[in-house]
Amino acid sequence: MHAVTRPTLREAVARLAPGTGLRDGLERILRGRTGALIVLGHDENVEAICDGGFSLDVRYAATRLRELCKMDGAVVLSTDGSRIVRANVQLVPDPSIPTDESGTRHRSAERAAIQTGYPVISVSHSMNIVTVYVRGERHVLTDSATILSRANQAIATLERYKTRLDEVSRQLSRAEIEDFVTLRDVMTVVQRLELVRRIGLVIDYDVVELGTDGRQLRLQLDELLGGNDTARELIVRDYHANPEPPSTGQINATLDELDALSDGDLLDFTALAKVFGYPTTTEAQDSALSPRGYRAMAGIPRLQFAHADLLVRAFGTLQGLLAASAGDLQSVDGIGAMWARHVRDGLSQLAESTISDQ
């Protein structure tokens with residue numbers, strides 16, 4: 001076996017989505033009630049496990065794939081899937097590679113996928129299902145109607161999560177303006193941002209598997225998730241326990257730690273607080289915090305991050321920025337009179353609109 005870069009399961013599923021030539025070929029095979037074994041890639045590693053059959057090297061077509069799969073052997077496609085390289089070959093992967101599959105075709109498919117690193121598809125004629133194996137992972141293709149039903153339910157859940165996220169975000173913004181933020185307020189928003197991100201990933205996988213059938217779902221998902229990644233980054237910039245504004249490396253490390261939390265830990269505010277560098281006691285949740293101001297200034301139109309960063313480093317906190325006059329802001333090296341007035345007006349409008357939303 002060779003440690004080389006190969007397609008991920010997600011990439012393989014995308015190649016088999018409705019609207020693709022491969023999916024058309026698989027649908028024809030299923031309708032014909034015949035089995036199939038298809039290798040999605042060709043190199044010396046694949047050649048090493050191929051026995052018998054014949055070489056073709058012809059342009060891929062769904063009808064050709066269907067006809068060639070009527071024979072007992074496997075079909076090998078080029079790495080980009082544009083050509084059919086070999087047909088009716090017997091795959092003889094290393095029998096010592098462990099597999100949990102029971103059927104001969106599925107066992108060969110899983111072992112071949114692990115040994116070569118290329119996706120291998122097994123079509124069961126008895127169960128009428130398509131399974132794709134990629135480097136020790138397996139995925140059973142599902143019909144679009146079933147996926148759409150599941151994804152629409154997930155979208156409804158995402159909409160509820162997003163509504164709740166918007167509510168707690170507004171509450172945090174009001175607390176920031178009034179200088180009454182607690183660690184619990186911040187962790188509530190962090191939790192909701194992460195919940196939205198996670199269910200979004202689940203739906204995104206369904207969208208990938210749906211292919212052309214998932215276009216409308218993609219539009220809905222993009223609209224609901226718009227700005228979520230930026231919001232996660234901004235809240236880390238504002239509230240990381242580091243005495244100085246966190247570096248890009250610290251921000252990425254914090255977000256990675258959040259991503260790695262279990263669903264159970266995500267419900268525990270003390271676990272979230274630990275990721276941000278705060279004490280993990282329940283009492284600490286009521287401790288007062290002061291935002292740096294990145295999140296608030298992100299709401300000022302046309303304000304570049306470089307300018308916001310200069311101001312945060314000069315004034316330290318959002319309250320310091322709110323108390324500063326245009327002249328104070330202009331005194332910061334790199335902030336001209338025009339930007340100083342723009343920021344001063346933007347912060348004033350932000351404070352007024354936030355309070356009026358109560």
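Glycine too: its Cβ is placed from the backbone N, Cα and C atoms.
Keep in mind it's a predicted model, so treat the numbers as computed, not measured.
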Listed in Swiss-Prot for the ATP site shared with Gly73, Thr104, Arg105, His106, Arg107, Ser108, one of Leu65, Leu91: Leu91
Binding-site residues compared (Thr104, Ser108) - the one with the fewest other Cβ atoms within 10 Å: Thr104
Set of same-chain residues at least 6 away whose C-beta sits under 8 angstroms from His106 (ATP binding site): Thr99, Ser122, Ser124, Thr131
Maximum Cα-Cα separation (Å), residues Gly73, Leu91, Thr104, Arg105, His106, Arg107, Ser108 listed as binding ATP: 14
Helix, strand or coil at His106 (ATP binding site) [DSSP, three-state]: helix
Secondary structure composition of the domain 'DAC' (6-144) [DSSP: H/G/I, E/B, coil]: 44 helix, 41 strand, 54 coil
Env. residues of ATP site, Cβ within 8 Å of mean position of Gly73, Leu91, Thr104, Arg105, His106, Arg107, Ser108 Cβ: Leu37, Ala74, Gly103, Ala109, Ala112, Ser122
